[in-house]
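Notes follow the structure.
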C-alpha cells in the first residue's frame with residue numbers, strides 16, 4: 001500500500017531582521033593596515049562575542065538612525081571607519097573587484113562567478129551575507145570560509161585599530177555589517193587574492209560596499225520588492241538604488257528585468273557613463289551542442305548563471321585575452337598556457353541553503369532561504385520538481401510547522417545570536433504566521449487557541465481540526481517532525497523543550513509514513529539554524 005509522504009513548510013518568522021608570494025600585485029596596501037597597538041590573545045568565540053556587541057552598540061545604532069535622513073552620510077561614515085582601520089578607499093582598487101547587487105539571486109550569482117574564476121586557477125576572495133551557521137562564512141578564500149584562526153587574527157587587528165581611535169571620534173564604532181565589510185577588505189588584501197567578488201548588502205547606492213571606486217565589472221541580478229522602508233516601495237525606486245553601484249567606464253551586466261525597472265537601470269547607466277548590457281538566456285549558451293548543466297537546482301538559477309558567465313568573461317577579457325569559443329589565461333608563475341571552459345564553473349558551483357537537498361534515510365530535507373513573494377514562488381517550482389523525482393504522489397502538505405530562528409532551547413552558538421529581536425516578539429510572529437496560513441487555506445482562526453508554556457507565550461498552537469503547529473525552537477520542531485528517525489538530531493549537548501503529550505499524539509501519521517519530505521524555507525536564518533543540526537560539521 002502507498003503511505004502518503006509528509007511534508008513541512010516553515011515560513012519566515014523574523015521578518016527583515018544579516019606569507020605567500022603576491023602573484024598579481026594585489027594586496028599592496030600599507031603594512032600598517034592591520035597593525036593594532038593592543039592585540040588581545042583570545043579565541044574565535046571571544047571575537048564573535050565582541051562582534052555581536054556591534055549589533056547593539058548604542059552609538060552605532062544612533063549613527064544609523066541619524067544617517068537614514070541623509071543617505072550620503074552612510075558612505076562618508078564608512079570611508080571614515082575604513083581610514084581608522086588603516087586603509088584608504090584607493091587601497092581597494094587593487095582587489096580587482098566584481099561588484100554584484102540585486103534583490104534575488106545576487107549571492108548565487110557571486111557563487112557561480114567565484115567558482116568559474118577559481119577553476120581558472122585564480123586565488124579568489126568572496127564576501128557575502130548573511131551567514132548560515134558561522135559568521136566566518138561571509139569571508140571566503142578560494143571558496144572556503146576563512147579558518148577560525150585567520151578570522152580571530154584579523155578580527156582583533158581591525159577591531160583594535162578601531163577601538164583605540166574611538167575616543168577621538170565620539171566613541172563611535174562601526175555597526176555589525178560595516179565592520180564585517182571592513183574586515184573582508186583587510187583579509188583579501190593581506191591574503192593577496194587575485195580578485196574579490198563582493199555582494200552588496202542592501203540596495204547599492206548607499207550600501208557600505210559602495211565605497212569601492214574602481215571595480216572591474218558590476219552585475220545586477222533579478223529585481224523585486226524587498227526592504228521597502230530603505231529602498232522605496234516600487235521596483236523603479238529599487239532599481240535606482242541598485243544602479244547606484246555603476247561606475248564611469250566600468251562594464252555592467254543585468255539579467256532581463258521588467259520594463260519599468262529596466263528603463264531606470266538604463267537611464268542610471270547613461271547618466272553615470274557606464275556601458276550596461278543585458279545577459280542572454282542561458283539556453284543560448286551551448287557546450288558541444290548540449291545545454292549547460294548547473295550545480296544549483298531550479299529554473300530561477302538560469303539567469304544567475306548567465307549573469308555570472310558574463311561577469312567572468314568581462315573580468316577575464318580585461319585580465320587576458322579570448323577567442324570565440326574559450327577564454328584562455330596564462331597563470332602567473334607558470335610558463336604553461338592553460339585553457340579552461342568557463343561552463344565547467346557553473347556545473348561545479350555549490351551554495352548551501354539555496355535549493356539544497358539533503359537525504360537522511362527516510363527523511364528528505366529541501367532547504368531554500370526564499371523570503372520574498374517572487375523567491376517563494378521560485379522555491380515552490382523547484383520543490384515540486386525535486387519532490388517529483390522522489391515520489392509521484394500529488395504535492396501537498398500534511399503539516400505546516402512554524403518556529404523562530406532559535407536553534408535550540410539553550411543557545412550554544414554565538415554566531416547565530418541576534419540581539420535586535422525579543423523572544424516574545426518572534427514567538428508572536430510565529431503565531432501571526434500560523435494564522436495567516438490558516439486564513440490562506442480556509443481554516444477557522446480562533447485567537448484563543450493554543451497550548452501555553454507555563455507563565456509564557458503559547459508553545460504549540462493549533463486545534464484538532466487544524467494541521468499547523470508552533471514550536472519554540474528549531475530543534476524541537478525537527479525532532480517532532482522526524483520522530484526519532486534522524487539520529488543526527490539526537491547528538492550530545494543538544495537541548496529542546498519538552499513536547500506535550502497532546503502534540504506528540506498529532507505525530508502519528510509521521511511515525512507511520514514510509515518517507516517524510518520536509519520543505520524548510522522562508523528565511524536564510526532559519527535555514528542556517530536547521531543546517532547547524534543536520535550537518536554538525538558546519539558548526540565545528
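Glycine residues also receive a Cβ, built from the backbone N, Cα and C atoms like all the rest.
What TrEMBL says about a protein is an automatic prediction, not a curated fact.
For reference, TrEMBL has these:
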- 129, 199, 227: Mg(2+) binding site (BINDING)
- 354, 368: ATP binding site (BINDING)
*Which binding-site residues from the set 129, 199, 227 come within 10 angstroms of residue 354 (ATP binding site), judged by C-alpha positions?*
none
_Please identify, among the binding-site residues 129, 199, 227, the one with the smallest Cα-Cα distance to residue 368 (ATP binding site)._
129
*Given the binding-site residues 199, 368, which one is most crowded in terms of C-beta atoms within 10 angstroms?*
368
_Entry from the binding-site residues list 227, 354 having the most other CB atoms no farther than 10 A_ = 354
*asked:* Please give me the CB contact count at 10 A for residue 129 (Mg(2+) binding site), counting all chains in the structure.
replied: 20
